[in-house]
Amino acid sequence: MTDRKIDEATGVPTMGHEWDGIEELDNPMPRWWLWTFYATIVFAVGYCIAYPAIPLLERATAGTLGWSSHRQLAEEMAKGQAAHASTLAALAKVDIATLDPKSPLMQAAVEGGRAAFKINCAACHGAGAAGTRGYPNLNDDDWLWGGSRAEIHETLMHGIRQPGNDATRMSQMPAFGRDGILKPEEIQAVVSFVRAASHQETVGGSARRGAALYAANCAMCHGTDAKGGRAFGAPNLTDAIWLYGGDREALTATVTNARYGVMPAWNKTLDAATLNMLTAYVHSLGGGE
Amino acid sequence: MNMPPSGLPALPRKLYARRPDIFPRAIDGFFRRLKWVVMAVTLAIYYVTPWLRWNRGAYAPDQAVLVDLAHRRFYFFSIEIWPHEFYYVAGLLVMAGIGLFLVTSTVGRAWCGYACPQTVWTDLFLHVERAIDGDRNAQLRLKKAPWTASKIGRRVLKHGSWLFIGLVTGGAWVFYFADAPTLAHDLVTGEAAHVAYATIAILTATTYIFGGFMREQVCLYMCPWPRIQGAMLDERSLIVTYKDWRGEPRSHGVKRSDESGDCIDCQACVQVCPVGIDIRNGAQFACITCALCIDACDQMMDKVGRPRGLIDYATLEDCKAEAAGAAPVPVTRTLFRPRTLAYFAVWSAVGLAMVFALGARARLDLTTAHDRNPLWVQLSGGDVRNAYTVKIRNMESRPRTLRLAIEGLEQGVMWDSLSDATAAGRMMTVSVAPDQVEAHRIYVRAPGRGPATEDFHFIIAAADGSSDSARDEARFDRPEMQP
């Protein structure tokens with residue numbers, strides 16, 4: 001520190017530096033400020049004793065209060081579950097198929113189902129349930145196994161093509177090309193028929209030839225009018241919705257090799273309340289019947 | 001007690017300084033009476049406001065000024081502010097800021113000296129102290145006196161009174177945030193929310209500490225305004241000034257001669273100052289321009305037969321002119337000059353814009369959010385369906401029946417998630433509860449053939465005969481690849 005001058009006007013020493021002729025006075029701090037500073041130090045010491053603070057080799061000191069962020073999370077989770085316990089108990093017992101859609105319990109089921117869907121179902125059906133090729137869009141009004149709440153619940157419970165589950169949804173489509181049931185040109189005729197039935201092509205000679213082949217090979221499951229059969233999970237072939245694509249190439253591949261969907265039987269892993277909530281949510285997406 | 005210059009501690013130097021005790025003497029005069037009036041008015045506004053009632057009908061609270069945090073509403077007499085209208089509060093803050101500039105550039109730190117809560121409550125605490133301990137000299141004596149029963153009694157009474165004022169002050173604050181009579185009952189019976197008691201406790205403590213102990217230290221060390229106000233003041237702003245060309249050289253009555261100035265060095269101006277400064281040292285940042293020194297000096301000048309105004313409100317420009325021998329200038333002249341008029345123009349422009357916006361604002365509104373996942377849904381019949389969340393705001397305190405319709409998007413029909421597609425139409429009726437936002441999930445269906453995106457509008461109109469309506473743009477999406 002350079003030699004300190006005393007400011008003439010105030011009698012206060014200066015800090016000994018100046019900028020553009022302005023000098024800083026060295027006024028003392030107010031004492032309450034000092035005590036406030038001490039108080040923060042005392043607080044910090046107390047905090048370090050009460051809470052985890054000092055890092056050691058493995059983990060930080062535990063703190064006398066025993067607080068940790070993991071424990072706080074666990075407590076808050078438990079609190080949240082306790083808060084929802086009565087609603088979940090009611091949802092486990094309710095018959096979701098006949099529950100009044102405007103009741104508060106249904107609103108709760110839809111919201112709970114929204115969360116459960118993202119955890120369990122979004123991997124295949126997408127976060128917004130829009131599906132993708134091979135995984136049905138649950139927003140639309142086309143259902144392989146039925147879109148009523150009872151039917152959705154049944155599908156969720158037992159899944160699709162689950163071995164060892166007698167009640168599972170089982171679809172069986174022959175691989176018409178691979179197994180040699182139809183010849184390639186016969187398959188093309190069937191494809192023409194299907195594309196004409198779904199108004200993607202005008203009816204020509206190929207489609208007319210395909211009609212007879214369809215009646216002999218496909219109508220048993222997909223129906224004589226090609227509108228599908230929910231007992232077999234056979235899709236409606238006349239509508240605008242295609243699970244594996246409605247173009248000629250995709251249809252040829254489908255008829256040649258057949259397609260099978262699978263879905264887990266969720267009654268093994270999810271509880272009754274969650275199954276009901278998922279049913280309510282899927283039904284609420286806009287295509288429920 | 002001889003105060004060092006500017007209230008600063010004398011040498012020898014210490015790193016940390018005790019607060020010097022300040023015992024301002026009571027004084028009467030024009031500015032003291034003005035201070036009484038401002039104090040009475042501001043305290044009355046603060047304590048009484050939450051108890052005023054205002055009838056808003058059956059569906060809204062009847063408290064005139066209410067900050068309803070739980071329901072996110074702010075009621076101010078006939079005005080009701082919703083969260084999305086918070087810019088009115090921003091506007092008020094802008095007006096408060098510019099108003100402070102306007103007042104400061106015109107009449108100096110009038111805010112600090114008269115209207116600032118710190119000043120008002122400190123003043124209140126000072127009066128309580130004087131009522132219990134007596135005026136300055138009695139307080140000085142009492143401070144040195146031994147701890148007798150009488151002194152202990154006075155101290156207990158003083159701190160008890162201060163704590164009571166603090167409690168009432170903190171208590172009044174929470175009434176702005178809940179129905180005052182209900183909350184008062186709950187507070188007494190111990191049923192009020194913890195946050196109410198915590199708020200009262202904190203405000204009681206801060207009022208007691210800031211008003212009883214910190215006092216001018218809040219202005220000197222904690223408040224940023226004294227540091228900024230230098231930029232607001234100029235040589236034509238009114239400030240409290242000691243006219244040294246008239247007062248100097250100072251003299252005590254006995255030693256007066258023809259060369260003596262008017263200042264008789266009686267220390268009255270120093271003794272009445274609540275900040276503990278000597279205004280005769282010139283303008284200084286610690287001065288809150290409460291003007292009590294003017295009252296004190298005027299009294300003395302009357303006694304010794306000299307003209308008033310040795311310490312006076314004056315502009316620096318006028319001081320210079322007066323010192324050079326010019327006649328005193330009327331203070332009203334400082335009110336109207338380009339700088340103050342410019343501040344006033346900005347201030348009133350913001351105010352007028354807010355009043356205009358307040359009068360023209362809609363009390364019915366809707367916002368639409370298009371579902372993004374999925375953006376569109378292909379329906380089996382070939383149509384495409386989009387989903388929207390339509391939020392309808394009824395900002396009036398009565399239930400309303402409204403018509404929600406789509407405008408544009410020919411052949412588009414809608415229904416809501418609580419009904420089904422068989423109820424689809426171009427228009428539907430919705431009821432909205434008073435003072436509520438209600439969200440409806442709306443499905444819109446339109447033919448699959450068409451542009452990939454198509455703009456249309458959701459509109460709501462009152463079905464109850466009034467002409468209120470609102471609209472919001474929405475977008476209909478279709479698959480880009482069309483069969």
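In case you wondered, yes, glycine gets a Cβ from its N, Cα and C as well.
Look at TrEMBL and you will find A:Cys121, A:Cys124, A:His125, A:Met263 tagged as heme c 1 binding site. The heme c 2 binding site annotation in TrEMBL covers A:Met173, A:Cys218, A:Cys221, A:His222. According to TrEMBL, the domain 'Cytochrome c' annotation covers A:108-198, A:205-286. Look at TrEMBL and you will find A:32-54 tagged as transmembrane segment.
Locations of recorded TrEMBL features on the structure.
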{"residue": "A:Cys121", "record": "heme c 1 binding site", "Cβ neighbours (10 Å)": "22"}
{"residue": "A:Cys124", "record": "heme c 1 binding site", "Cβ neighbours (10 Å)": "15"}
{"residue": "A:His125", "record": "heme c 1 binding site", "Cβ neighbours (10 Å)": "20"}
{"residue": "A:Met173", "record": "heme c 2 binding site", "Cβ neighbours (10 Å)": "18"}
{"residue": "A:Cys218", "record": "heme c 2 binding site", "Cβ neighbours (10 Å)": "22"}
{"residue": "A:Cys221", "record": "heme c 2 binding site", "Cβ neighbours (10 Å)": "17"}
{"residue": "A:His222", "record": "heme c 2 binding site", "Cβ neighbours (10 Å)": "22"}
{"residue": "A:Met263", "record": "heme c 1 binding site", "Cβ neighbours (10 Å)": "20"}
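For A:Met263 (heme c 1 binding site), the spatially nearest entry among the binding-site residues A:Met173, A:Cys218, A:Cys221, A:His222 is A:Met173, judged by CA separation. The record assigns A:Cys121, A:Cys124, A:His125, A:Met263 to the heme c 1 site; their largest pairwise CA distance measures 11 Å. Across the domain 'Cytochrome c' (A:205-286), the DSSP tally of helix, strand and coil residues reads 43 helix, 3 strand, 36 coil.
Take the mean position of the Cβ atoms of A:Cys121, A:Cys124, A:His125, A:Met263, the recorded heme c 1 site; other residues of that chain with a Cβ within 8 Å of it are A:Asn120, A:Ala122, A:Ala123, A:Gly131, A:Tyr135. Neighbouring residues of the recorded heme c 2 site, listed in sequence order and excluding A:Met173, A:Cys218, A:Cys221, A:His222, comprise A:Asn217, A:Ala219, A:Met220, A:Gly229, A:Phe232, A:Ala234 (Cβ within 8 Å of the Cβ centroid).
Straight-line distance linking the Cα atoms of A:Cys121 (heme c 1 binding site) and A:Met173 (heme c 2 binding site), rounded to a whole number, equals 25 Å. Mean pLDDT across the domain 'Cytochrome c' (A:108-198) comes to 94 in this model. Binding-site extent for heme c 2: residues A:Met173, A:Cys218, A:Cys221, A:His222, maximum pairwise Cα distance 10 Å (rounded to the nearest whole number).
The CA atom of A:Cys124 (heme c 1 binding site) is located 22 Å away from the CA atom of A:Met173 (heme c 2 binding site). Recorded residues A:Cys218 (heme c 2 binding site) and A:His125 (heme c 1 binding site) have their alpha carbons 28 Å apart, per Cα-Cα distance. According to its DSSP assignment, A:Cys124 (heme c 1 binding site) is helical.
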